[in-house]
Amino acid sequence: MLLWLADLLGSHIRAFNVFNYTTLRAVMAALTALTISLLLGPWVIRKLTELKVGQAVRNDGPQTHLVKAGTPTMGGSLILLAITLTTLLWADLSNKYVWLLLAVMLGTGALGFYDDWRKVVYKDPKGVSAKFKMAWQSAIAIGAGVFLIATAKLPASTELIVPFFKTVAYPLGAVGFCVLTYFVIVGTSNAVNLTDGLDGLAALPTVLVSAGLAIFAYVAGHAVFSKYLGLPFIPGAHEVVVFCAAMCGACLGFLWFNAYPAQVFMGDVGALALGAALGTVAVIVRQEIVLFLMGGLFVMEALSVMIQVTSFKLTGKRVFRMAPLHHHFELKGWKETQVVVRFWIVTMMLVLIGLSTLKLR
């Protein structure tokens, strides 16, 4: 919106021209989303408490979690509101990627909201069925893939880019691209949701990975920088930086209330949406493999569940004391805050390794 004002009034009021700079709008987007989250957070928590949308706690989980029962959930709605308002304010609304990201995020957020609502209001511990959830996520992911193919301007927009190599890129074709997009978006969405099991555990890694992807988006959207660093040039990808910045600010603001001991939980409405958004950003900037690396924490959490389920079905034995992985370490004696901070440190390391692929090619 402000960029539109800059185009309209820039020739008359020179001060408006500063809004043409992506980096400035990204910084302002982060600050705006952070402010919205901090200001609206107490009100949202009060409303959720009044509605009695309290979190149910697993009886077979760590006993220290029993005190969390009744803590308001669905706080991710605050994150989505902050991201949406901020993006509409600071992003270029003529950019196709902006609308795609909002559509994917809000679409999966609606699924998460419905799932949370069934759990806490209708007292249905299972929420929506796995088939329904997968169908909804699949429709959104495949729709995003079809949209990106239909609007692609350059062959590089649909190639699989291999990090650490300047010239290694595999043409995927329409079907291959849609399949990859499906697995990245749906997989990341569910992986972040599985990670969101401890106070603050999912919020900061989302900030870190989003910030890392924002750097790739800035480079990919700049013809000179992308050529110098050996990345594909994706026209318009620079505007993704504003969305990522809004995500960082919104999640940091939410973390203020979600840090141990949490006053509110993200819920599926936040975790599913943020994961899908991260996956979509990676697909847009053609850095799916880098997302797999930087989001290694999410990958490990998801793999721990798959390994646990598969092992128990085949052998009747469990590999981990409990899945997802963060509960395994809790049952080994780690305090919740130790698990969270150590997982944050691991994510920082993985994001830095991912960023190193910008130059190590």
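Even glycines carry a Cβ here, placed using N, Cα and C.
The transmembrane segment annotation in Swiss-Prot covers 25-45 (among others) and is backed by sequence analysis. Remote same-chain residues near the transmembrane segment (25-45) are listed as 2-3, 19, 72, 75, 77-79, 81-83, 85-87, 89-91, 214, 241-250, 252-254, 256-257, 263-264 (criterion: CB distance under 8 Å, separation of at least six residues from the stretch ends).
Remote same-chain partners of the transmembrane segment (73-93), defined as residues 6 or more beyond its termini with a Cβ less than 8 Å from a stretch Cβ, comprise 1-4, 25-26, 28-29, 32-34, 36-37, 40-41, 44-45, 48, 53-55, 99, 101-102, 105-106, 109, 112-113, 116-117, 120, 239, 242-243, 246-247, 249-251, 253-254, 257-258, 264-271, 273-274. As annotated by Swiss-Prot, transmembrane segment applies to 73-93 (among others).
According to Swiss-Prot, the transmembrane segment annotation covers 97-117 (among others), on the basis of sequence analysis.
Residues 96, 100, 103-104, 107-108, 111, 115, 158, 174, 177-178, 180-182, 184-186, 189-190, 272, 276, 279-280, 283-284 of the same chain sit 6 or more residues outside the transmembrane segment (132-152) yet have a Cβ under 8 Å from a Cβ within it. The transmembrane segment annotation in Swiss-Prot covers 132-152 (among others) and is backed by sequence analysis.
Sequence annotations record features per position, and here Swiss-Prot assigns transmembrane segment to 167-187 (among others) based on sequence analysis.
Beyond the ends of the transmembrane segment (200-220), by six or more residues, the same chain brings 22-23, 26, 192, 226, 229, 231-234, 237-238, 240-241, 244-245, 247-248, 251-252, 254-255, 258-260, 262, 266, 271, 274, 278, 281-282, 284-287, 290-291, 294-295, 297-298, 326, 339-340, 343-344, 347-348, 351, 354-355, 358 to within a C-beta distance below 8 angstroms of the stretch. Here Swiss-Prot flags 200-220 (among others) as transmembrane segment, drawing on sequence analysis.
Per Swiss-Prot, transmembrane segment is recorded for 240-260 (among others), and the stated evidence type is sequence analysis.
Panel annotation: around the transmembrane segment (264-284), residues 41, 44-45, 48, 55, 71-80, 97, 100-101, 104-109, 111-113, 115-116, 127, 137, 140-141, 144-145, 148, 180-181, 184-193, 195-196, 202-203, 206, 209-210, 213, 217, 234, 237, 240, 243-244, 247, 251, 254, 257-258, 290-291, 295, 298 of the same chain, lying at least six beyond its termini, place a Cβ under 8 Å from a Cβ of the stretch. The transmembrane segment annotation in Swiss-Prot covers 264-284 (among others), and the record cites sequence analysis as its basis.
Note on the transmembrane segment (289-309): residues 160-163, 184, 187-188, 190-192, 194-195, 205, 208-209, 212-213, 216, 275, 278-279, 282, 318-320, 323-326, 328, 343, 346-347, 350-351, 353-355, 357 of its chain, located 6 or more positions outside it, place their CB under 8 angstroms from a CB of the stretch. Here Swiss-Prot flags 289-309 (among others) as transmembrane segment.
The feature transmembrane segment is assigned by Swiss-Prot to 338-358 (among others).
Contact counts against the transmembrane segment (240-260), taken as Cβ pairs under 8 Å, peak for 97-117 among the stretches 97-117, 167-187, 338-358. Using a Cβ-Cβ cut-off under 8 Å and counting only residues 6 or more beyond its ends in the same chain, the transmembrane segment (97-117) has close neighbours at 53, 73-74, 76-77, 80, 83-84, 87, 91, 127-128, 133, 136-137, 140-141, 144, 147-148, 185, 189, 193, 236-237, 239-240, 242-243, 267-277, 280-281, 284.
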